[in-house]
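Participant: Just lifted these from TrEMBL, have a look:
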COMPBIAS  507-517  compositional bias 'Acidic residues'
COMPBIAS  627-642  compositional bias 'Basic and acidic residues'
COMPBIAS  657-667  compositional bias 'Basic residues'
DOMAIN    1-343  domain 'Nucleolar protein 10-like N-terminal'
DOMAIN    348-396  domain 'Nucleolar protein 10-like second'
DOMAIN    461-487  domain 'NUC153'
REGION    507-536  region 'Disordered'
REGION    623-667  region 'Disordered'
Amino acid sequence: QWLSDRKKRALQKKDVDIRRRIELIQDFEMPTVSTKIKVSRDGQYIMAVGTYKPRVRCFDTYQLSQKFERCLDSEVVTFEILSDDYSKIVFLQCGRFVEFHSQHGHYYRTRIPKFGRDFSYHYPSCDLYFVGASSEVYRLNLEQGRFLNSLQTEASESNVCDINPVHFLFAMGTAEGKVECWDPRTRNRVGLLDCALSSVTADTEIEGLPSISALKFDGALNMAVGTSTGQVLLYDLRSSNPLIVKDHHYGLPIKSIQFQHQLDLIISADSRIIKMWNKDTGKIFTSMEPEHDINDVCLYPNSGMLMTANEAPKMNIYYIPVLGPAPKWCSFLDNLTEELEENPESTVYDDYKFVTRKDLENLGLAHLIGSSLLRAYMHGFFMDIRLYHKAKMMANPFAYEEYRREKIRQKIEETRAQRVQLKKLPKVNKELALKLIEEEGEEQQISKKRKQKNLPSLLKDDRFKVMFENPDFQVDEQSEEFRLLNPLVSKISEKRKRKLKILEELEAQGQEEEEEPEGKASDAESSESSDDEKGWVEEVRKQRKLLRQEEKLKRQERLKEDQQTLLKPQFFEIKEGEEFRSFKDSAKKQKLMKKTLEDRLKLEEKLGTLNVSDTTVGSKQATFKLKKSEQQRKQQEAEKLHRQERKSLRRSASQLKSRRGRGRLFH
């Protein structure tokens, strides 16, 4: 804003962003806010409505400028272009008015009974269908010039509507989250979709009942529905379940839904973001988040151009070459996009330095606040970069000397790092740590040759830190598993033990470690590896022999302990209600458990506790009778006696009653 005209012209030569700015259509804006934007069917005219004052503007794409502007009495809710050009337009306004415009201007104005929210035009019958704050759908016939019988729906209110361009099915979205489909020929409802239940999935969180905020048909069978909670549902008209549910994750009502057929994309928009996603998989293609809130989105037919109506004067135009070619009236965009370079160029602020108030005090320039040399911006100021460098040199004349010393110190530290350093090993698993250090050194040499990245060390990893601190994680080299799995570990461990002794001595003396002696020749190393391969089997055999001897010694010790111990008699208590028979029952049970399943089933069949039969399908059916314990048997016998006593009491009572009755009769 505060740059001079000369500076702006100079920047235009340097700055790529400024050179990229193209004003496709002159004065493509509204005074305050734009609410709706549409393209005529011939593609020549772009029409937009907005405020303030309420107006409609028509832009001619062939002339790249505004064709006309008409002011209206009230704000426009939505509008529709009935003809191929701008000659027939219908506006639905806030005050229940429906206004018709012809080529010359205002033509006719009428009113509907309730406030309207959306309308659709049925081309075969020339009917306008209005939905709004009512359960009725009002029909206005443009051929006869009169209202027809309205459609009575189950909804309390309706928000949006649309007519299928193929078979002319009329669909309307209600405030209860349902979509009602009507046949205009019979004026009967042919379908009902409950989108509110389908929109709620495991990942979504909603506070209230979702209502329908957007509706759009695609071909004869597909329909997309947008909800007030930010979900988009794609339906096949032959199914009541959605094919896919896409959540915007903003919780804002869906404002617009468009279909892009070349890449099979759905372009859905709420007031904050425009998302493009694949209609088959739901995968995001791209998204755009403009600076201002979005009111409407219009996709120019058969192209990659996108226009938005915003809560700002400027109406945005986006061109995405991947979606399609540029329209024929701006075909030069294809050439421009090919010439654009992706390399970053200088920006407006390259010649200026941003400084805070504290920086100015350090530089001794606090007295310049309020002068033309400093431009206030956010929490600081912009100043000329040349003035900043001069002030810094004067404030700190020894800056170069400090920079030189810092560089020398860094070089000295690099040379120190190349020296042999004393390795501090952990207290636990010292041999394992030494092994890891050796392996890490070898891997570093290999990675340097192959030019690969070094992998992180286990010693520096916090996840394995406890392994070298807690003594519970100490590796037991005398265990059987370790000795059998590592038969050649003994030779390598001897070398490591020597190194450990040397390191411990150096730590005790506090002296620096000298350079290590040179290793053996390559021939000696190869012979050593061959000896290791030959002696591997012998080492395993030795370890096994030692393990067998240790096992024999352990057995002998156990036998001695058993001979010394004296067996004491054990007493067992029998539970109440159980009878002690003999120890033979347990022996029988053990014998039964040793037998096969077939033998056990045969025994149970003989006893009558199992019944096996063939079914009609060809499989086997087995029924079991559970054995009853002594307590259960006694309980059943007591129940039987109780029943018999009750029966006898009932009989005696009935006999007494009959006798009394006879006595009264005789009396």
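Note: Cβ is positioned from N, Cα and C throughout, glycine not excepted.
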Participant: State the non-local partners of the domain 'NUC153' (461-487) in its own chain: residues 6+ outside its ends, Cβ under 8 Å from one of its Cβ atoms.
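Facilitator: Residues packing against the domain 'NUC153' (461-487) from afar: 426-429, 431-433, 493, 536, 539-540, 543-544, 546-547.
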Participant: What mean pLDDT score does the domain 'Nucleolar protein 10-like N-terminal' (1-343) have in the model?
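Facilitator: On average, pLDDT over the domain 'Nucleolar protein 10-like N-terminal' (1-343) sits at 88.
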Participant: Looking only at the domain 'Nucleolar protein 10-like second' (348-396), what are its DSSP counts of helix, strand and coil residues?
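Facilitator: So the counts come to 25 helix, 14 strand, 10 coil.
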